[in-house]
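Have a look at the structure below, then the notes.
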Ligand SMILES: [Zn+2]
């Protein structure tokens, strides 16, 4: 795993704009500082993020929405949303903020840069913890998300990778991304989330599997109550492996929202770092181009612990359990350790319930994804061997895609901002 090339997307502006997001004020600095303090940037290529262009933003968003965002330069603290703002979702949990268009283009730019680094073979895995805003829709903001950087990044990846599997680990259903690809066979969306009456956004039940041409290419794994690592891993292992074998993606996009961690103020799940990191290990084992994004996570130090741990998992480093001293060290004052304790609450997701969901997912894959019918007559062993052979062939295909050299027009090497403790090379590139 260690020889994989890992890109970490960074730019001081990206951190600062992300820090200004009303729902996660100041979080990006805490996350980046912990990752830098652990020395993890020495194991990655740091790639300078570049803001997304209007054309790139339009890969998903309507120009009406984008043009409306441009009207906000300075927003007073006591600004009251107008009826037009409300039409674009700019109210309640997504209040208008100053310099909104530039903020959105900078945030989306992080994921666009990450996608390009995969496209241009600069990296095998690209990480943007300032991205992952999965609720935003074409015509507006929703659920703390002003821009759907994920869909824009997927659209860029599709220039080279025809089939993309999107995996959403956030405690909330990834509705914005799912809706964008509801009719698509090229992008398979898989979301694990809490699904209970009154829990936002209220969509994503097991029967929600896509529409028309895209039927069968959406999968939702709904959990009840405070789901634990065991539940999550059991569900993930089954669903991910089945979908991977049937769909055979060319690239993976993973939203690693941290709000399913125990004690998240907006979460209500009970995962620990192990739950997430074991999933990431399984994803990394596939060794295909992978984009890792952030998302929710409203206990900021816990989100930083998670994303530092995921970064470490990807680069193959074991982190010391003691949080290293750095400028945000006092924020970890409960015990100054990396660990996140599990909850003592009972997990109400029974094995019977999980198996029922898994059966339903398997049925849908058989019914709607081609491979099923022709393999139906095979014995389980023969079927497994066939899948292994197909996976091997797929790996060779991916390898050859990686070998294809794309020219970097601008690959000047710069020194990073002084905020990164150990000076590293930063790659800038244009397409
Ligand atoms: Zn969330």
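Each position is counted from 1, following the chain as shown.
Backbone N, Cα and C atoms are what each Cβ position is placed from, and that goes for glycine too.
Binding of divalent metal cation is attributed by TrEMBL to 170, 172, and within the candidate set 85, 250, 259 the record adds 259 to that site.
For ligand 1, there are no nearby recorded positions; that is, of 93, 135, 143, 298, none has a C-beta under 6 Å from one of its atoms.
Measuring Cα to Cα from residue 259 (divalent metal cation binding site), the recorded positions that fall within 10 Å are 298, out of 135, 143, 298. Within 10 Å of residue 135 (active site, proton acceptor), as judged by C-alpha distances, the binding-site residues found are 172; the full candidate list was 170, 172, 298.
If you measure from the Cα atom of residue 172 (divalent metal cation binding site) to that of residue 143 (substrate binding site), you get 10 Å.
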